[in-house]
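Q: Can you read through this structure? Questions will come right after.
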Amino acid sequence: MAALLCLLLLLQSSAAREITFPPTAGYGQQPIFAQDGIDITSGSAFAGLTTYANLPYVHCLAGEGEELEKYDIAIIGAPFDTGVTARPGARFGPGGIRQGSRRIAAESAWNIYTGENVFQDWAEIVDCGDAPLTFLDNTVALRQLDATHKLVSGRPANSTEYPTPRIITLGGDHTTTLSALRSTFHHWGEVSVIHFDSHLDTWDPKVLGGGISHYAGVNHGTFLHIAHEEGLIRNTSAHAGIRAPMVRPKGDLRNDVRCGFEIVKARDIDRIGVAGIIDKLKNRVKHSKVYISVDIDVLDPAFAPATGTAEVGGWTTRELLSILDGLAGLQIVGADVVEVAPIYDNPGETTLLAAAEVVHSLLGLMVQIPVV
Ligand SMILES: *[C@@H]1O[C@H](CO)[C@@H](O)[C@H](O)[C@H]1NC(C)=O
Ligand SMILES: *[C@@H]1O[C@H](CO)[C@@H](O)[C@H](O)[C@H]1NC(C)=O
Ligand SMILES: [Mn+2]
């Protein structure tokens, strides 16, 4: 019996050595054998540089004529947090989310609920690192982010069937979503937005920002108003998880409808459940292409303390992941996870783990339905 067990263990360990190791950032896909025959890349999930889910790093901003690996879905960090109205720190969100994703690796990411592995499907998924943004001038930084999106989404995709690469942005404060929406508009026209957040973020720049300057008016609470004014989004958009106080009781709601949104409030989940929330969101956006923006403050601070404008009474991580996975079937042209400010996290990295898994769910939606 013991001998059999030993044999099994032996077989298992030799099988483990044949795994083609994940495209970790530091090492290539090929195992590297030392002189004594040991595969030095084996079990090296945390080796090399930290990319999202140990994906290969591609220098997506490479200039004309430079050799570039092709991709279908690109992860880009947007280290920008000077558009916030409360605690700063989300400029380190991209690094934080990558840190929270260290455990995720292509060869062992089979979803227990769906049986799928997004990293071993048709899509070439890469991490492009962070967009180079100045931290001294918001206007310039956002133009740099616009340009980054344009360049990264403008390259030919790896797939010949679905020629436009899609982007998942790691924020960054929520202002960064504006650049992403400008980019999806360029390729796909007006999109419906599913906006997971505790706050409305459709505030008129004259209301939030005090109207003191144009510069002040472009911030993480007004970007959806601006996106509406620029004609980037459809009037079939929806908020999910709203619970933060309003600035003007009637004015905020009127303005929100004018910007094209319907509100699903945080406590609606107690009445209609996860399935009810999914139905509402799907019915709202079903006839259009969809952009999903996840402000991590949609979660309760118990599950995501590391954010700038935390609001109590939010959803659990499990509820959010179930709702996201329930959106399967929609045509997702872009997505983001924003407002992750690692400095406020705890040693268990609760927020970072949650944000990393939200990105994983978003990848699942994108891989499931390719978009032409
Ligand atoms: C990328 O394109 C190449 C060439 O068409 C193809 O062999 C490869 O399978 C593609 N990558 C993925 C992940 O499908
Ligand atoms: C929504 O937009 C469509 C066209 O884009 C328009 O026909 C419709 O009247 C709008 N609905 C509302 C409620 O504004
Ligand atoms: Mn927000």
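Along the chain as shown, the residues are counted starting at 1.
From the backbone N, Cα and C atoms, a Cβ is placed for every residue, glycine too.
Heads up, TrEMBL stuff is auto-annotated, nobody curated it.
Source: prediction; values computed, not measured.
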Q: Among His174, His186, His214, which is the one TrEMBL gives for the Mn(2+) site where Asp197, His199, Asp201, Asp295, Asp297 also bind?
A: His174
Q: Does DSSP give Asp295 (Mn(2+) binding site) helix, strand or coil?
A: strand
Q: Residues with Cβ closer than 8 Å to the Cβ of Asp295 (Mn(2+) binding site), same chain and 6+ apart in sequence?
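A: Expected: His174, His195, Phe196, Asp197, Ser198, His199, Asp201, Thr307, Val338, Glu339.
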Q: As a test of the contact definition, list every same-chain residue at least 6 positions from Asp297 (Mn(2+) binding site) whose Cβ is closer than 8 Å to its Cβ.
A: Asp197, Ser198, His199, Ala304, Thr307, Gly308, Thr309, Ala310, Glu311, Gly314, Glu339
